[in-house]
Amino acid sequence: MSNVSAAPDLDFWEFVNCGICHLEFVKENGTLSTVPFWLTECGHVVCNSHINPDHSCSECGGQGVQLMPLARELEPPMSQWFASAPTAFDAVGYALRFQMNMMANLLRYFRKKYIQYRPLYDRLKEEHAETKRLKKLVDELKLENQQLRQHLHINNGDERTLHSNKRRRVDEDVSYAGHRTSSPRSTASVPTPHGPDRLTLPPGHHPPHFNSRQSIQSYESAGSQQSIA
Ligand SMILES: [Zn+2]
Ligand SMILES: [Zn+2]
């Protein structure tokens with residue numbers, strides 16, 4: 001069952017060779033080839049004997065490709081091309097574990113906060129709905145209040161006009177009585193007192209002179225007499 005021996009770690013450098021003559025970059029004894037090797041921009045490996053002087057790739061024919069000397073220590077991303085794939089997967093696995101742990105940690109933190117604040121959130125939601133309802137009510141009441149104020153203002157205006165009209169009529173009647181105006185205006189509410197020119201005077205008698213105070217008194221006495229009668 002589990003008596004299968006684990007495969008030895010694979011070193012990809014063991015298989016790196018010239019794409020044209022298949023000369024190995026790492027010799028059987030583990031030392032590097034004495035012939036320089038080149039890595040092309042297009043991702044091919046060629047030995048020094050098979051580079052083209054016109055800067056084309058001898059393996060794929062790509063034109064104007066750049067070359068860099070091949071070495072066991074390379075800069076990324078080229079270093080990744082030569083890394084052992086299983087080891088690379090281990091690294092990827094480690095990176096995955098590292099990143100997921102951090103995200104899970106953050107997720108747990110926010111989940112805890114969510115559970116902690118959920119009741120508060122529900123309460124705030126209810127209060128927000130209530131606030132909205134009250135705001136609507138306030139708006140309605142404001143409108144109603146405004147309409148009532150307008151209504152009241154119109155009524156007050158009518159009353160004031162009515163009062164001033166009444167006052168004017170009384171003043172006119174009084175002045176009419178005092179100055180014996182020849183063209184009296186008829187008033188419905190206040191009875192017109194008899195003016196002096198209605199008196200029948202004997203020949204040679206002049207009508208008596210009324211000043212304004214007397215005229216008011218005579219007007220008032222005439223009114224009171226009338227109300228008694
Ligand atoms: Zn070669
Ligand atoms: Zn190429």
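Glycine residues also receive a Cβ, built from the backbone N, Cα and C atoms like all the rest.
Fair warning: this is a prediction, and the values are worked out from it, not measured in the lab.
Remote same-chain residues near the coiled coil (124-151) are listed as none (criterion: CB distance under 8 Å, separation of at least six residues from the stretch ends). Marked as coiled coil by TrEMBL: 124-151.
Taken from TrEMBL, the feature compositional bias 'Polar residues' covers 180-190 (among others).
Marked as compositional bias 'Polar residues' by TrEMBL: 211-229 (among others).
The domain 'RING-type' annotation in TrEMBL covers 17-61. Applying DSSP to the domain 'RING-type' (17-61) sorts its residues as follows: 3 helix, 11 strand, 31 coil.
The region 'Disordered' feature in TrEMBL is assigned to 152-229.
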